[in-house]
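The feature 4-CDP-2-C-methyl-D-erythritol 2-phosphate binding site is assigned by Swiss-Prot to 8-10, 34-35, 56-58, 61-65, 100-106, 132-135, Phe139. Per Swiss-Prot, the feature divalent metal cation binding site maps to Asp8, His10, His42; the stated evidence is sequence analysis. Here Swiss-Prot flags His34, Thr133 as site 'Transition state stabilizer', drawing on sequence analysis.
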Amino acid sequence: MRIGMGYDVHKLVENRDLILGGVKIPYEKGLLGHSDADVLLHAIMDSLLGAAALGDIGKHFPDTDPKYKGADSIKLLEFVGELLNKNNYKISNIDATIIAQRPKMAPHIPTMRENIAKALNIDLDQINVKATTEEGLGFTGSGEGISSQSICLLVK
């Protein structure tokens with residue numbers, strides 16, 4: 001068994017879509033990044049890659065490579081799932097947290113879980129997503145950005 005941890009953060013800006021867990025969430029701001037800036041999927045990918053000792057998303061999808069400009073993170077997650085399979089790793093479970101003051105995530109979490117399970121070809125009960133605020137503290141609490149953390153367990 002191998003445990004992996006992932007973390008990602010992006011700044012909220014105007015004129016960008018807010019995409020988390022592959023879900024476009026109605027909001028006046030979106031996350032700034034080279035790809036679609038889906039912090040939830042980025043944290044999940046880093047936890048999976050870390051558990052398998054396969055580097056991180058910066059290694060596999062560098063922001064200096066124009067082919068990842070505006071990339072759909074669900075497609076990147078599918079690639080990570082294939083990479084795990086190729087290296088004989090199976091996902092036992094993933095537990096992830098979105099940290100954002102606004103907007104409310106609860107209505108979107110079921111679809112996020114479905115998207116992640118489908119992309120990784122795992123059962124829905126193997127992926128948990130939850131959300132919390134930081135009670136107005138720090139950059140997430142002030143609405144400057146959104147972060148996400150993920151932990152996973154892999155078996156070989």
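Using the three backbone atoms N, Cα and C, a Cβ is placed for every residue, glycine included.
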Fewest-neighbour residue among recorded positions, criterion Cβ within 10 Å, set His10, His34, His42: His34
DSSP state at Phe139 (4-CDP-2-C-methyl-D-erythritol 2-phosphate binding site), helix/strand/coil: helix
Under 8 Å by Cβ from Thr133 (site 'Transition state stabilizer'), same chain, sequence gap 6 or more: Ile99, Ala100, Gln101, Thr140, Gly141
Among Ser35, Thr132, the one of these binding-site residues whose Cβ has the fewest neighbouring Cβ atoms within 10 Å: Thr132
Pro103 (4-CDP-2-C-methyl-D-erythritol 2-phosphate binding site) versus recorded positions His10, His34, His42 - nearest by Cα: His10
Those binding-site residues listed as Asp8, Asp65, and which of them has the most Cβ atoms within 10 Å of its own Cβ: Asp8
Nearest of the recorded positions (His10, His34, His42) to Phe139 (4-CDP-2-C-methyl-D-erythritol 2-phosphate binding site), judged by Cα-Cα distance: His10
Site with most surrounding Cβ atoms, counting all protein chains shown within 10 Å, from the binding-site residues Phe61, Phe139: Phe61
Distance from His34 (site 'Transition state stabilizer') back to Thr132 (4-CDP-2-C-methyl-D-erythritol 2-phosphate binding site), taken between C-alpha atoms, in Å: 25
Chain-mates of Asp8, His10, His42 with C-beta within 8 Å of site centroid, divalent metal cation: Val9, Leu31, Gly33, Ala37, Asp38, Val39, Leu40, Leu41, Ala43, Ser147, Ser148
Pro103 (4-CDP-2-C-methyl-D-erythritol 2-phosphate binding site): tally of other CB atoms within 10 A of its CB: 17
His42 (divalent metal cation binding site) and Asp8 (4-CDP-2-C-methyl-D-erythritol 2-phosphate binding site), Cα-Cα, nearest whole angstrom: 6
